[in-house]
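Since the structure comes first, as structure tokens, the remarks are kept for the end.
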């Protein structure tokens with residue numbers, strides 16, 4: 001069972017809208033080696049896992065799989081921000097409703113030669129479950145052979161390919177919104193590479209100096225370097241609410257990336273940042289409410305809610321939380 | 001950001017393996033109107049949501065979307081259980097490793113005329129991200145127009161179609177494992193129908209007597225009746241860890257299904273049941289470990305874990321929890 | 001612009017339901033060489049046609065394309081009839097509503113091992129836009145190179161392949177419902193083979209004795225023989241409402257099939273037979289109306305309609321029509 | 001059974017070629033919510049319709065479905081016109097054959113950065129059965145649950161989404177050829193929204209002020225306003241040749257769009273305009289005939305046709321027609 | 001550049017037709033981890049290879065890729081043989097032409113419940129480029145990241161998964177035709193596993209005891225054991241006509257499978273067996289020639305060919321060949 | 001069984017990188033009428049061929065199919081060369097490793113508006129198995145009806161469409177690298193048109209003046225003219241290693257293209273040119289080796305290979321070869 005907290009797993013830096021960068025990031029969301037794929041692959045591998053003795057391996061898969069849902073949320077939100085307002089259409093603030101084509105104007109003209117016209121025509125300047133060439137995500141991507149060694153080997157290759165593609169995306173755009181998320185994912189993909197490589201090490205494999213893949217020197221990617229300096233590539237959160245995860249039995253010891261750091265799986269989750277709801281885009285009829293409907297929405301917003309029952313799961317008391325932050 | 005708890009959202013009743021029923025359930029998992037679709041659709045609608053004034057609607061989408069992840073987990077696990085052991089292959093317990101084709105035996109022969117041969121050939125008697133006709137799930141299923149009224153209308157239709165198909169699946173099999181999950185999802189789909197119908201009611205729509213769709217009388221489906229008697233079709237959990245959700249501003253008042261119940265969104269999450277790891281299937285080489293590798297796995301399982309840092313989110317103290325259970 | 005008449009282009013013989021035959025016929029509806037494909041291909045070739053001098057060729061494409069829409073209607077209806085009632089579920093006539101799973105019954109159990117479970121789970125015992133292996137019809141099937149010789153060559157191959165597959169379907173089932181439509185389409189496909197072969201003859205090609213493809217002797221297919229004896233393989237209707245079609249400039253002279261008949265394009269349309277609306281299937285919740293909704297439907301059915309304005313197109317006066325029938 | 005008349009359902013205004021606009025319009029032709037989809041969906045819903053008492057609903061579906069075939073023809077022709085001549089290649093008129101690459105020229109160079117290179121490479125500057133991102137149309141789009149309320153709900157959502165996307169396309173281009181067709185379809189989509197909304201009203205639903213979707217004020221789209229002023233959004237033709245349609249029992253009364261108009265289903269079909277065959281494009285080898293083949297084509301064009309037999313269906317006598325035009 | 005010799009790479013044992021086994025083998029031909037995939041993947045990796053210093057790695061990919069084309073030929077032929085005659089239709093030998101449905105017979109009736117009806121309806125009892133669930137092979141399967149370590153890692157996983165699936169197919173059928181090819185491919189897949197594992201060993205990786213994957217004991221698969229005893233899992237042919245391949249620099253030393261054998265890449269190609277042309281199947285109209293056409297075919301067969309020019313590549317002189325056979 | 005020689009079937013002229021041209025060429029590689037399709041179609045037609053009397057036809061298919069593998073290699077290599085270095089990134093030669101994003105640079109920026117971003121993001125500036133609109137190659141393209149006349153007719157249409165599209169590509173770019181390969185393939189496609197047209201002539205068909213399709217006058221395409229002057233459109237190689245092919249019984253006599261040449265099938269294979277391995281692209285991490293791994297690669301390259309066993313197939317002795325070259 002899953003629960004949600006209204007926070008993004010990492011902060012997204014502000015910058016100009018950039019639909020071309022948004023389209024490149026679609027590969028990281030809906031591409032064959034993107035976050036929707038890792039998320040679904042690990043969830044299926046957890047669900048179908050065989051061998052009660054292998055619980056630490058199952059828990060590792062489950063934990064990384066849960067993180068990937070938050071990555072889908074993060075990269076999806078980043079794409080939406082890069083697209084938001086990209087046609088630079090400005091309706092009158094005083095009377096914003098229902099003016100998109102006023103006087104025959106063409107506020108969405110720029111959509112015709114962007115990376116993916118569907119971002120404007122179908123998705124109202126939002127993220128799509130497709131790759132950067134417009135192919136819809138497919139269930140045929142999910143790999144789950146049931147054979148543990150093979151699944152680990154595949155996952156190592158999958159994370160490395162995801163990281164390789166994100167390194168290439170980094171080199172395609174200097175937009176800060178795009179780079180803040182891409183850099184974070186480059187580092188987290190390395191953490192996951194380390195996780196699967198380490199899992200194979202527990203079965204005897206020795207990786208010598210082939211990891212990480214690709215062999216990049218973080219110093220060349222400044223935004224990445226900052227995160228590596230914090231050791232984020234050697235940490236794996238459990239994302240587990242009741243401390244049942246045994247992933248830490250695998251994710252410990254020296255990093256297979258041979259960067260001198262030690263693997264650490266003792267944290268539950270990163271702190272994250274609050275998530276924000278995007279503004280309306282009148283030229284997209286999104287959300288497309290007129291005065292009547294807005295009044296009804298407002299009435300709903302003004303309602304009191306019934307008193308909540310006590311929660312099953314909750315933030316830990318402040319004293320504990322502050323200890324951690326410190 | 002998402003967190004996980006190692007519990008299934010609902011119990012799965014035990015019964016004989018039944019690969020034909022498993023295949024029918026695939027429609028509910030990977031079909032065009034199945035749980036992977038609702039999950040992805042609501043996650044995208046939450047991510048791309050526009051209009052800060054509409055927060056209660058966004059939170060409703062977010063909460064249902066989070067529940068759908070747990071439904072993917074539930075129906076996936078159900079399919080895996082229905083498949084598990086379906087070829088009735090029994091290796092020697094004393095020396096179980098590596099004997100699948102011993103003496104030229106054909107332990108997987110029955111796979112040739114099951115619903116989907118991939119359940120044996122590709123997925124090691126586990127669930128697949130495909131529908132009951134074998135089509136892989138596709139990102140092109142996800143609908144997110146950005147227009148709030150349209151998205152709500154689509155979601156109402158989506159939940160109703162999912163429920164319609166599950167009612168048909170109910171009539172295809174009497175297997176208890178299959179029916180326990182299908183019945184639960186029939187009722188939860190109705191809860192989600194109610195949620196979207198109610199959201200449209202806040203915008204003025206009156207549904208008269210067309211809901212629920214399909215118009216079924218739960219008395220005819222005994223397993224469903226039990227859950228309806230508990231009012232499960234009129235409850236919506238927030239699945240929100242920090243009580244930020246405003247979904248309860250919409251999900252209250254009399255049910256649009258006109259069954260005389262009142263909508264209730266005051267609980268965070270159902271209690272669920274512990275999840276269990278499946279047994280090995282030697283004939284599938286899953287997980288496929290021999291004596292050497294098993295010894296290494298055991299060594300990992302015997303390891304101590306480093307001490308965990310204090311969690312960000314945690315079960316509430318026993319006193320509160322017991323109050324709720326009561 | 002297109003108009004419709006509530007008649008089927010050919011009669012469908014009554015017989016037992018037969019879901020396996022229905023599934024085989026799906027190839028003729030939604031397969032790569034089925035009626036949806038010919039219909040779409042010729043409509044696109046008509047729309048995109050270049051060269052005003054080639055009007056007779058365009059009109060030939062347009063006329064055959066229009067016929068194919070009626071073939072989609074015919075084979076779709078045939079499939080729906082073959083499926084209708086195939087689970088042999090009989091609700092009480094006195095209280096037919098809402099009893100599908102009454103007492104835990106499994107009225108749709110047989111769906112689990114039919115040709116395509118989607119016929120029951122998705123389509124309520126109706127036709128689907130897929131082929132006999134369950135693949136959805138794809139726009140990538142449509143061929144329209146713009147080069148006239150190539151398009152004619154492709155169309156000749158397309159009709160021949162369609163006819164080849166239908167001959168194979170004929171040999172798969174003795175069901176009379178299935179065979180009555182398959183036999184009709186075998187003969188009409190030959191008429192279309194003749195049309196495209198003849199169009200290439202006007203450009204100089206000589207087919208010697210390679211036509212028709214496949215080389216079958218109608219005497220071996222009794223239902224086909226009856227239609228061939230009526231000369232249906234050598235007739236092409238214009239399906240044109242204002243007698244503007246010049247297809248008859250091509251479709252005349254001796255048949256390229258070398259069967260001694262002469263091609264004839266002087267008729268507008270066959271007479272057809274009235275179409276009938278199928279009965280409800282309660283176990284499918286189709287149409288799924290309860291007493292309240294049925295009463296409302298009835299109220300609609302009882303309404304008077306406003307007086308129609310004079311039609312633009314209409315059946316010809318009885319005197320002319322009788323002349324033709326004679 | 002279907003018949004054709006060599007007229008387009010609406011006029012297409014002349015303007016410059018515009019391949020970018022042509023590509024945007026592909027969404028309206030081959031997109032998930034385009035005309036091929038509505039056409040196929042309603043044809044399947046008509047074929048598979050259950051419940052003889054529901055004939056007015058079936059006839060409504062059948063009539064709109066027939067109109068959609070003409071919309072496919074209209075938007076396909078519009079796309080072809082927008083593409084025609086877009087590379088601005090001008091062969092010598094005196095000797096036009098076979099000069100595309102003369103002297104090594106690159107007349108199709110501009111194809112390399114247009115919306116969809118297939119318009120030039122595959123389709124000879126003609127329309128394709130794909131969407132604006134190049135995805136082929138898929139049979140998996142067709143929705144036909146068999147449940148009447150659900151099918152009507154889906155169709156309402158489908159027409160609204162189609163209209164939403166066309167409003168967005170309107171804002172992407174000021175090309176008159178594109179806008180004349182897009183505006184016509186925006187208005188016709190609203191008529192179909194009204195049809196399905198009204199059908200649900202007969203079952204008791206009350207739409208309050210949520211329709212039409214999207215909520216646009218036609219005054220902002222001048223070309224749309226002209227058509228709305230003519231009341232085209234409140235008219236539904238039967239497209240039925242023998243006055244058997246009972247759709248008018250549903251499509252009457254005040255419009256669910258609450259624009260003060262009354263629904264009217266008393267006309268058979270609009271008048272339309274004559275269709276025209278496009279010119280040859282030598283750089284595409286389309287139709288690709290040389291002097292020899294052209295002479296043979298001419299010989300065919302010069303042939304007399306055999307005398308036609310009396311038609312089954314025909315334009316009504318002039319006196320009646322003039323009455324209507326008045 | 002490629003050349004062909006009219007020999008199959010391995011012998012196919014004779015047995016009864018078995019369409020269910022044929023369908024299972026389709027996974028090995030057109031599945032995501034089948035021979036079409038390995039073939040295409042290695043050809044693309046060879047074509048796009050970067051780094052002149054890495055020639056031994058490129059040559060290894062090229063050699064294995066070439067072998068995979070012969071595997072496509074082998075498994076395709078095996079499937080065709082398993083299907084051939086499976087409906088057991090026996091036309092009169094004296095007058096075999098054109099009698100498939102004679103007297104209304106249904107010689108293809110059994111096609112309705114076979115693994116894939118397309119084997120009869122589309123492919124004339126021949127192999128198809130699809131997997132065992134009927135999904136067409138897709139170019140999206142091909143993996144070629146350009147990163148050498150990743151490509152090798154993927155290829156190792158690919159071969160292991162192919163071998164895993166073939167071990168499962170082995171357990172699905174005892175048909176000798178099926179097993180002779182499956183066993184051969186199990187052993188050759190292991191040879192390719194060894195090749196990629198060894199290539200990674202040259203970069204420092206140590207596989208300990210995880211190989212081969214799956215860990216099977218050949219003694220349990222008697223047909224496999226025979227080939228393993230011949231050392232076929234430790235041999236890699238160059239398939240190179242001019243002895244330019246440097247693959248032998250990698251494929252040497254002790255096997256990574258730790259079975260005590262030494263890798264050997266000193267042979268060019270196996271001897272193979274002559275290929276045979278299948279018999280006609282009248283019920284499939286394949287090849288569908290009547291008396292006239294057969295006479296023309298015969299005339300062609302009787303023709304003399306012009307004298308061949310000296311070949312560029314040719315079998316080596318008998319003396320050398322015999323030395324090798326010894 | 002297939003063998004390979006490390007030579008390209010035709011020379012590729014050097015010119016500037018040109019990613020737009022590369023993308024157009026993808027249609028010729030992975031498009032519905034490209035080389036992967038012809039290759040797979042003819043291989044399947046050879047494997048599934050029925051009718052031992054038809055051996056010359058089978059051998060014709062086999063020979064052309066084998067040539068198509070070399071065409072895949074040729075056009076794939078051409079695309080890779082057109083892409084190679086197109087972002088014009090120049091790392092420091094002295095320390096080329098690991099500097100792609102040095103100082104925050106964006107060396108792959110240009111990828112954002114190229115024909116297919118996957119060329120940079122997925123394929124490391126290499127060829128992809130997709131068409132020019134980015135659709136992955138599909139097994140559903142392969143046509144193999146089993147009916148000989150139909151298969152020949154389809155193949156004739158297929159080669160003609162391939163040639164038509166390549167003529168259009170020729171007109172899209174003046175890049176010499178692109179044109180050298182496109183021109184060669186235009187001529188070879190005509191040779192294959194001739195082959196299938198001639199095969200149908202042996203069955204009695206007379207093509208009059210419709211061939212070749214499209215009707216182009218080679219003089220307008222200078223690079224094509226050179227090859228036509230060499231008679232390359234009237235030659236078909238056997239690509240057969242043991243002179244078993246009987247294709248020459250069909251491929252002889254006057255060309256069906258009516259260009260006055262005589263068909264000639266007496267050669268085994270063209271001479272070709274040596275193939276070359278591409279340079280590293282650091283910005284793509286391809287092959288992505290650092291100093292450590294490069295040292296290991298070098299160690300492998302320095303190894304001696306074990307002595308090769310005598311080859312089964314080999315280049316013919318120098319004397320014969322020189323005779324041919326002369």
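Glycine is no exception: its Cβ is also placed from the backbone N, Cα and C atoms.
Over in TrEMBL, the protein carries these features:
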BINDING   B:35, B:68, B:71, B:159, B:192  Mn(2+) binding site
BINDING   B:59  Ca(2+) binding site
REGION    B:87-109  region 'Disordered'
REGION    B:250-272  region 'Disordered'
Task: Long-range neighbours of the region 'Disordered' (B:250-272), counting only residues six or more past its ends (CB under 8 A) - done: 5, 7-10, 56-57, 60, 190, 193-195, 197-199, 201-202, 207, 209, 211-212, 231, 233-240, 243, 324-325
Open item on the list: An 8 Å radius from the center of the B:35, B:68, B:71, B:159, B:192 Cβ atoms defines the neighbourhood of the Mn(2+) site; name the other residues of that chain inside it, in order.
Closed with: B:38, B:39, B:64, B:67, B:162, B:185, B:188, B:189
Task: Cα-Cα distance linking the residue listed as 'Ca(2+) binding site' and residue B:71 (Mn(2+) binding site), given in Å to the nearest integer - done: 18
Open item on the list: Going by DSSP assignments with H, G and I as helix and E and B as strand, what are the residue counts for the region 'Disordered' (B:250-272)?
Closed with: 0 helix, 5 strand, 18 coil
Open item on the list: With Cβ-Cβ distance below 8 Å and at least 6 positions apart along the chain, what are the contacts of residue B:192 (Mn(2+) binding site)? List them in sequence order.
Closed with: B:38, B:64, B:155, B:159, B:236
Open item on the list: Counting across all protein chains present, how many other Cβ atoms fall within 10 Å of the Cβ of residue B:59 (Ca(2+) binding site)?
Closed with: 26
Open item on the list: For the C-alpha pair, I'd like the distance in angstrom between residue B:68 (Mn(2+) binding site) and residue B:59 (Ca(2+) binding site), rounded off.
Closed with: 14
Open item on the list: Chain A proximity: which binding-site residues among B:35, B:68, B:159, B:192 have CB distances under 8 Å? Answer 'none' if there are none.
Closed with: none
Task: Pairwise CA distance, residue B:35 (Mn(2+) binding site) versus residue B:59 (Ca(2+) binding site), rounded so that it is a whole Å - done: 19
- [ ] Would you count the other C-beta atoms found within 10 angstroms of the C-beta of residue B:71 (Mn(2+) binding site) for me?
- [x] 27
Task: Around the Cβ of residue B:35 (Mn(2+) binding site), the count of other Cβ atoms that are within 10 Å - done: 25
Open item on the list: By the criterion CB under 8 A from chain C, which of the binding-site residues B:59, B:71, B:192 would you report?
Closed with: none
